[in-house]
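Encoded as structure tokens, the structure appears first; notes follow it.
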């Protein structure tokens, strides 16, 4: 009954409201500005009565509903609702309604924001609620770092190698490194007060970033810190400073595929609403007791920004407006290759990410980078209003603020050489330096003066009394003088009295690591990852299409009409098909490395900001890949299984299907783990390929487990490929069609003989052991991936050492046509800033003028138009400007400049060159120790298979690593190339030739030590011709793989697509290497591809160069008679001993082909979407 009465009252009020609105006009009934009504007093009283009835209806709701409901005013929300609806659930606001509300309340951000926040503060003050505030103190803070100086600090190859060696010695307790102790901050003390906005000034390398990081508890752990930092008297270990405060970095790290609004929405969902809801509950209780009715728009805003769990919050729209980002809210943030927002807008997104959160203590580092001074002024003014009216604590570091921006701050901290020279009210800063004998000139900006007066180079010009000889006053003397200055004395007196913890508001500090429930965080992360999956659909579709093409290729390569089950030799072909299924599905996850590495910096940033625990990212990442895995596995089985003619029983089909799904997930999980551990593309590619090499060599299919040396036997059990290979083999060869036939000895069944020849258990229970182990590896790898992201440092984490702040320049325009309504330029005002301000969109709204249209109707516009027309018409007899050549230098000069640049770039890129050399060294040692002295063995065909597997596997993985590690280097260089070519610095061909040639000495060095190690440890025959042929093949193989990697980048839009594209051809190179299926057994419709497969020629050259003259007789599987080793190699594999000259020429040809395609693609293709 009560509910029916309430509904009746609401409808009655709604009808009355409609009549009132119809007679008075909506915009006048619900005037936000508070201006006097043009209508009669009785009409105004009628509206007030109607509104009072609305609030009465609202008060009858339950507490939960009342906190989510406000009165409905259609003048600022045009959302479709029933005509009798007067109460609005704020959670039901659609995006358009939210934007309309912001548009109506915040027309001119810097003006309306202050008025709105004043209304908010008045509402809070009316009922006596005190807002939480934070006072940050730091006393005797000293921060030191150990670092290299001079040439020793350069990131060159020798220095990088020396650093690694010294780090290893430090780890075992032998310290040989000679680092210099650098004091970044030296015994600094101060107070950052609430309700006062603090500006930190200082030249580059003064320690500003370090101080901000220290106050926000984000310092690098390697720094030595002394002193104390407190928030409201609480030490940093007594609460969660990273949730209480927010550090806004100079570095803009975002997901390029997300829009500006999506980025801020996700940030808001992760950070939650803090104590907004609790304050709103207390506010509503007190207003109800006092009979106070709040203003509707303030009530709606407070309630809409206090709701948790929504995909989008009104706070996002508010932040977009005050930061001037609403014009690009639906634009991608963008990255190096994707068109996105500008650098200045990206900086504002970084700021907005933290403003949407509940933290009221903000430490902001160089937020003006990339912004014009007018935009900086607008943002800082809005922040000033937030500080003054909500009792927030904000400290901002700026390098060269404009005078009008400088005037917005209350307090100044001047930092130089790691010491605080002045901290106190802005008004007293000039007074302090005047007491030291320096004066700020009349037309000089105060901020510039403060930073220059401490500089040895600039200080003298500000010396006040020219009758007294000038003496340079160092920073240390300024520090001492400030202590005796009245502002410094007051500061010391305040620091001497400890902050009373009992005065701290209960909501001022945060004591929980996460303010949002884990389930809500998981939902937010799931939505984000699903969005990014759709945004990266091209990559996944591209990968899946390639995967299906490989399935078709594999099916036609091992086509069932060409396969038989007569003996062990036929069985080896089926074994090749099983290996194909195992390896392609494992390799299919290789693209996860580049996709994950691209996301890692953002994940680390959000982890450090305590947005969410890392498992909230890793769990959706894994689960969202499962449907893709299932789809690809289904297509793989549909194409390959019966196309090849594997065991026909349904149970064996589904067992094989299960293994394919498990192997795909093992591969994806493993490569994500590698990306999480390595964190950069070069290191991840190296680590990933090294892991693959080890897994591959110890998988049991190249070298049977019984032949693996004792020192490697343990490793066979800790890698997944062995379990997958055994399960695939058991599932196939224990089928009736293999068990019902006898092997060549007429005793053992053919299936058992095949399993024993591969050292695979013959117990069918081993299938489930293998499948269970693969499932265990999936779980293990994902857990380790989570731990890696949880505990490792971010890649290239910026050290707060000698940080350099740069301030973006400003382009200004000049308009001489000044209207009387435009205010005159204030004294000491920057003319460029003034022009931007008086012609801004906000100024146009205030003045009701369109400056562009006004200019077009002016005489100045006509004069300029006539002048342009005059100047665009060449005078009679004039000769067009002409250059003999397109470029300032000849092609040879361009080449010399490019090769010089490339050489320095490579020499100072240890991440690339040191890593690939480390990989080649590790691979050589692995090959040598696993295949120890196998080159001397002359026993059976299995030995030949193992030798071929060792040779092809070793050079393939080293070559693949060269290919993968060069891709990010070329991708980065290509971005620079696009810019420099567009500037007319050089043409594409000299650049490409320099890039191609600079690789040769590095690859030559790599091939040299690789050959020496492998040749000696595997024990090939020590003959000069055989050794040099071996070196020749290794060198050209490494080189063509490197050029292949360069080529893949040049023909694809980015390194992620290049990685996917290259990975598919790795598999094709594998298939036609001659290892899985010998050339004579390849169907005739595919044998042509064998001849164009580079790896096939590499294996051809290895075997012919080493064994063309070996006539030792060996046992051949499936044959009763022995045959000479070189004859077996020629007849079984098709390797002719007289083909070495052809092999040598073809390998050179592949190098030239890939290098040429790279050069041509650079010339004709341009993937820069900017």
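Each residue, glycine too, has its Cβ placed from N, Cα and C.
Keep in mind that TrEMBL annotations are predicted by a computer and have not been checked by a curator.
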Original post:
For the record in TrEMBL, which of the ranges 739-765, 766-792, 793-819, 820-846 is the transmembrane segment one?
Top reply: 766-792
Subject >> transmembrane segment range according to TrEMBL, out of 514-534, 682-702, 703-723 >> reply: 682-702
**OP:** Residue list, the transmembrane segment (1139-1160) vs rest of chain: Cβ under 8 Å, 6 or more residues beyond ends.
**Re:** 988-989, 992-993, 995-996, 1029, 1032-1033, 1036-1037, 1039-1040, 1043-1044, 1046-1047, 1050-1051, 1094, 1097-1098, 1100-1101, 1104-1105, 1108
**OP:** Give me the mean pLDDT over the domain 'ABC transporter' (169-442), rounded to a whole number.
**Re:** 90
**OP:** May I ask for the residues of the chain that lie six or more residues beyond the transmembrane segment (914-932) and have a Cβ under 8 Å from a Cβ within it?
**Re:** 157, 160-161, 164, 682-683, 686, 689-690, 693-694, 697-698, 703, 708-709, 711-712, 946-947, 950, 953-954, 957-958, 961-962, 965, 1002, 1005-1006, 1009-1010, 1013-1014, 1016-1019, 1038
Subject >> the transmembrane segment (579-602) touching the transmembrane segment (1085-1103) per 3+ Cβ pairs under 8 Å rule >> reply: no
Subject >> Tertiary contacts of the transmembrane segment (622-644) (same chain, 6+ residues out, Cβ under 8 Å) >> reply: 526, 529-530, 533, 540, 544, 547-548, 551-552, 554-556, 558-560, 563, 574, 577, 580-581, 585, 588, 653, 656-657, 660-661, 664-665, 668-669, 672, 782
Original post:
Which stretch from 579-602, 1000-1020, 1027-1046, 1058-1078 shares the most C-beta pairs under 8 Å with the transmembrane segment (537-559)?
Top reply: 1058-1078
Original post:
Are the transmembrane segment (1058-1078) and the transmembrane segment (579-602) close, by which I mean at least 3 Cβ pairs under 8 Å that are 6+ residues apart in sequence?
Top reply: yes
